[in-house]
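K.L.:
Take a look at this one; I'll ask things after.
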Amino acid sequence: MKFDLTTAYTLSIPLLASSGTVLATTADTSSKSSTMTAIHTSTGYNNHSDSLWATFNNNVALTWDAPNNEFYLPVITWHNRYTYDKEKTDKYNERPWGFGYGKYRYDKDNDWHSLYAMAFMDSHNRLEPIIGYGFQKMWIPGDLDGFRLGVGFTLSVTARHDYYYVPIPLPLPLFSVEYDQLSFQGTYIPGTYNNGNVFFAWLRWQW
């Protein structure tokens with residue numbers, strides 16, 4: 001059988017055209033699929049962010065409208081001796097005289113929410129204000145009536161003399177040991193050597 005190059009060339013044109021169409025269609029479909037996946041992912045992320053923001057705003061509004069009050073009495077500022085030179089801790093103030101006031105509520109899960117403001121003497125014996133929102137998951141240990149343990153966080157803003165009282169955002173962990181209306185509540189401020197690494201605590205009275 002004789003093989004005709006002209007015939008082979010003629011037949012190859014529609015085959016190549018057909019293959020090109022299939023490849024183009026496949027590439028186009030893949031591109032559209034990737035685009036739709038990206039759109040759905042972006043939309044899901046945005047919806048989740050919007051949901052978190054809406055929940056936060058709702059919690060702040062409900063706490064602001066709550067009729068319950070709290071009084072705060074700062075009791076200790078302890079500088080972690082494992083992360084400070086002794087010559088520094090010897091000069092630092094660890095009696096944070098001050099006071100604070102807040103509004104609070106317990107939600108349907110018995111979790112604590114608060115909006116608060118506090119002012120106290122910092123490590124250099126200078127006035128330091130702080131305001132913020134606090135949240136704690138609460139746990140009642142066994143049958144110990146009136147006792148509660150809490151772990152959570154605060155989203156706060158503070159200002160210090162050594163930073164010219166420029167507002168500084170300060171998200172921090174929170175914990176508390178509570179009995180009825182009285183609580184011992186505190187936080188730990190992380191840091192580096194000779195900076196931060198401070199345990200700060202206060203008494204809290206609710207009415």
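Along the chain as shown, the residues are counted starting at 1.
Each Cβ is built from the backbone N, Cα and C atoms, and glycine gets one as well.
Remember, it's a predicted structure, so these values are computed and weren't measured experimentally.
These came from Swiss-Prot, pasted as-is:
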- HIS79: active site (ACT_SITE)
- ASP122: active site (ACT_SITE)
- SER123: active site (ACT_SITE)
- 1-24: signal peptide (SIGNAL)
- LYS88: site 'Role in lipopolysaccharide recognition' (SITE)
- TYR193: site 'Role in the phospholipid gating' (SITE)
K.L.:
Please report the DSSP secondary structure of HIS79 (active site), reduced to three states.
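P.N.:
For HIS79 (active site) - judged by DSSP and reduced to three states - the answer is strand.
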K.L.:
Tell me the Cβ contacts of HIS79 (active site) under 8 Å, same chain only and six or more apart in sequence, or just say none.
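P.N.:
Result: LYS88, THR89, TYR92, GLU94, SER123, ASN197, VAL198.
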K.L.:
What's the CA to CA span in angstrom from TYR193 (site 'Role in the phospholipid gating') over to ASP122 (active site)?
P.N.:
18
K.L.:
Counting across all protein chains shown, how many other Cβ atoms sit within 10 Å of the Cβ of ASP122 (active site)?
P.N.:
19
K.L.:
Among the recorded positions listed here, LYS88, SER123, which has the most company in the form of other Cβ atoms within 10 Å of its Cβ?
P.N.:
SER123
